[in-house]
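K.L.:
Provided herewith is a single structure, encoded as structure tokens, for subsequent inquiry.
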């Protein structure tokens, strides 16, 4: 009986680990076929006979993103959309450019852990643990420093220098997803009821309407 229990426990743990990231590929590669009409979890494989080097290639990550926007940052993604050959490989990267004092606002990646490396400048970074602790873990990074944002946790970056800053981040999913907190709360379509948000944030409804008008 004890051995059966241990076997079941082992299988449960194994299944949990196996489902914690993108599914493993069962072949050398599965280049995404964006033109396929079939809907699957990910992308249908392109005919391997039609695959060439360009399916595994992206150019332009050396170019600075335009940070002339409300938050003062720009994220340049490199995922399956940009490199079809990333399909089923469970990895992607982004370049993030920050204007002086610009931010990458609080957000979460529902399907990936993120490892961020600072290439230029100084960044204040942090993430918040889940309820009920809601502990803020934060640090100022310099050029060459690396920081990890655990999967699913709300996190942010802010350029705390007087010059531009640049970072590269790797994520363990071909499609990490991004949920920007302010956008989903105040910019949902249709709007979340002002009554609900007023109670949640302990403010009056006019304040909610004002925030919603910005998104």
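The backbone N, Cα and C atoms fix where each Cβ goes, glycine too.
On a predicted model such as this, the values are computed, not experimentally measured, just so you know.
The oxalate binding site feature in TrEMBL is assigned to 104, 109, 114. Under the heading Mn(2+) binding site, TrEMBL lists 107, 109, 114, 155. Under the heading disulfide bond, TrEMBL lists 30-45. According to TrEMBL, the feature domain 'Cupin type-1' maps to 59-209. TrEMBL lists 1-20 with the feature signal peptide.
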K.L.:
Just checking, which of 107, 109, 155 (binding-site residues) has the fewest C-beta atoms within 10 Å of its C-beta?
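P.N.:
Least crowded of the binding-site residues 107, 109, 155, by Cβ count within 10 Å, is 107.
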K.L.:
Across the whole of the domain 'Cupin type-1' (59-209), what does the mean pLDDT come to? Round it, please.
P.N.:
96
K.L.:
Determine the Cβ neighbour count for residue 45 (disulfide bond): the number of other Cβ atoms within 10 Å of its Cβ.
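P.N.:
Looking across every protein chain shown, the total is 19.
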K.L.:
Near the Cβ of residue 114 (oxalate binding site), how many other Cβ atoms are there if near means within 10 Å?
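P.N.:
Around residue 114 (oxalate binding site), other Cβ atoms within 10 Å: 22.
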K.L.:
My understanding is the cutoff is Cβ-Cβ under 8 Å with a sequence separation of 6 or more in the same chain; which residues meet that for residue 104 (oxalate binding site)?
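P.N.:
Correct list: 71, 73, 75, 96, 98, 156, 157, 158.
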K.L.:
How many Å lie between the Cα of residue 45 (disulfide bond) and the Cα of residue 109 (oxalate binding site)?
P.N.:
25
